[in-house]
Amino acid sequence: MHLALLVIFLQCSGVYTQERVFTFNNVEIRAEPSAKVKNGAPMSIICHADISKSANFHLQHNITIFKDGKLVYMIVSDKEVARYEVPIARSADTGDYECTVKADGKTKSSKSLHVWVTGMTKPILTAEKREVLEGEVVKLRCELPEEVPPLQFLFRKTKTNSTPKEKLVFEAYRNFSTAEFSVEEGDNILYFDCFGKRFVKHTNFELESSEPSNRTLVTVKEPFIKPSLIIKSTSNITEGDRIEFECSTVVARMRDIEIILQKNKTILNSVRDEKLLKYSAVATLEDSGEYLCKVEQGRASKTTKLNVVVAELFPKPILSASMSKLDENKELTLSCSISGFRKANFSILRRNSNGDILLKNSRNLTVRVNVNDTGSYICKAEVKGIVKESKPVRISVYAPVSKPTLSVVSGLPEVVLGKPLQLICRLMMGTPPITFTFYKGNEVKKVVINDTYATFLDENIRQNDKRGYKCDARNNHSSGVKTSNILNITVIVPIRNASLGSIPYGDVEDGSGTAFLCSVEEGSWPIHFKIFKKTDHDTLLYEKTESTDRIVWHKETMSRQDTGTYYCMVSNRAKVNVKSHPITINVILASWQKGVIAAFVLILIVGAITLTVWWFLCKKKKAKESSMEMSRSALATNSTNEKLARQHNDGDYYSGSGYIEDGENHMKSTDENKGPDLESAEVEYTEVEVSTLDPHRD
């Protein structure tokens, strides 16, 4: 029974589970009436879930709607549709919408939908004051209460018959902004308004503008009236007349008011906290021009201009000179005149950096000049207190040039072949500017204009060039040209290819003399020769200066210490040291020294041979004596034994003395025959064998 109940329960559970099966087919989001809505119109965001079920059962849905990733609406319902109502759409509602549906552990999201609320709310503009004075500031505030930053605000100031002035302000975190406009001269009735702008995302961040704000009227009052500038004197003004200016205004309040009179940006006079300014001066031609009267109070400023023409009383004087360039000690006449006008007070002056020097209060001046009178001269004329000055006249007084001196800059009149030659031409006297001319032979090489000297660089120096140099000098003096003496230059040829030799060359006997020859292939005289021996610090052995291309140095006695390497160093006024190739000298023994050594060696050899022969003979004699003694001893023994034997055996008696003597004689003869051979033979060891006589021989 229990088993049957279990089976029934499992079957019922399977049926129940099968009835709760569902799946999301799709989740969609849309906007009504469309994804593009006008600002202020109603808008609905609808999320719909398309779900398939295994049976008709109730399913709870958790539906959420997001705008730009932020939750804006959420509902839990068994319905598959949710509506997010926006009764009045604003630009802040523009964005990307997305909805998500969750049910029984399953989640499904829709695609993103971009909704664009076109247009912006009308901004609200307020002004801090509706009535201001010139020079004050109008403070404005523009607000977009239903918009979300970042925003841009455009403020506009408009006055009658003029182009509006604009100010653009960016606000990153506020939906309002402020701006200030200064009230300028001439502003009377001003109108202000503003616009709002925002970035539109789906149009690549283009700006969308709102409609204009309310138009605000601001009236302007003048703190003072435009100033009046007049000349009290006659309308026709001539040089020498006194000219008087008056500048005045009407002001509402006197505090901090200032009146300024200026000409060409130069302030002539000014007053503070007063309504009237006065200025007077003696009129000159330079007083002609435009004058400006300016009244300032705070930021307010008003100006009035007046053009003034001053008639010329007399023209500028003209200074003339009898000569502008003249020799010293000549007479110079200066004359001052006014065209068509003779009644004037004249004076002639010389210009000076510390102030003009008065020469004479007269129309004419005649002087005998010197060099110090060179300079600029002017004349002045005075009529009715008006002083006018002429244009300056330049007077140049010349002293004659002295005879020039031509020399080499380095000092001596010589130059090394291949090096440039620099000459200088000097003057002791002469008024500049001076024209110098350099010649090589009769050929003009260079022309220089300078004050007291000039230089010339000749880079084309040849070995056999015999042409002399000269220079001449001249200025504006009537004496003409002065020429220097001719300067002859010595061309120094540098040393080339030095060599060193010796006699004898190579091996030199000890005690003998050696001649060293140092020579050069080319070079100007005198030449300085030096002969060195190479050591750790090369040793100078000989030096001499000669007007020749070679020298010979005799070293009288050479020793073994003189063995080594030698070279010579040569130089001249070109100051270039030229070193020869080195040579090697080997000091050997002299002939007599070799003979002495050979004799000594020969004596040693003969002595050694003599000692060897003597030793050999002594040894041979000793060997001979030893062998004879041994022979005698043996013979004596044998003879005795033989006698004893015969007596014992036969009874016969034989004397052995004769045999012994014969034997001795035989041996002696033999030795004598062999004597010469032994003397010439090498020393040898000789063994003598003595045999016993046969008894049966008889």
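Note: Cβ is positioned from N, Cα and C throughout, glycine not excepted.
Residues annotated as signal peptide in TrEMBL: 1-17.
If you take every residue in the domain 'Ig-like' (227-309) and average the pLDDT, you get 87. According to TrEMBL, the feature domain 'Ig-like' maps to 227-309 (among others).
The helix, strand and coil residue counts that DSSP assigns across the domain 'Ig-like' (315-396) are 3 helix, 48 strand, 31 coil. Residues or ranges marked as domain 'Ig-like' by TrEMBL: 315-396 (among others).
As annotated by TrEMBL, domain 'Ig-like' applies to 404-488 (among others).
Per TrEMBL, the feature domain 'Ig-like' maps to 494-584 (among others).
The feature transmembrane segment is assigned by TrEMBL to 596-618.
According to TrEMBL, the region 'Disordered' annotation covers 637-698.
Feature annotation from TrEMBL assigns compositional bias 'Basic and acidic residues' to 663-677.
In the domain 'Ig-like' (227-309), the DSSP tally of helix, strand and coil residues is 3 helix, 53 strand, 27 coil. With DSSP classes pooled into helix, strand and coil, the tally for the domain 'Ig-like' (404-488) is 0 helix, 44 strand, 41 coil. Helix, strand and coil counts from DSSP across the domain 'Ig-like' (494-584) read 3 helix, 53 strand, 35 coil.
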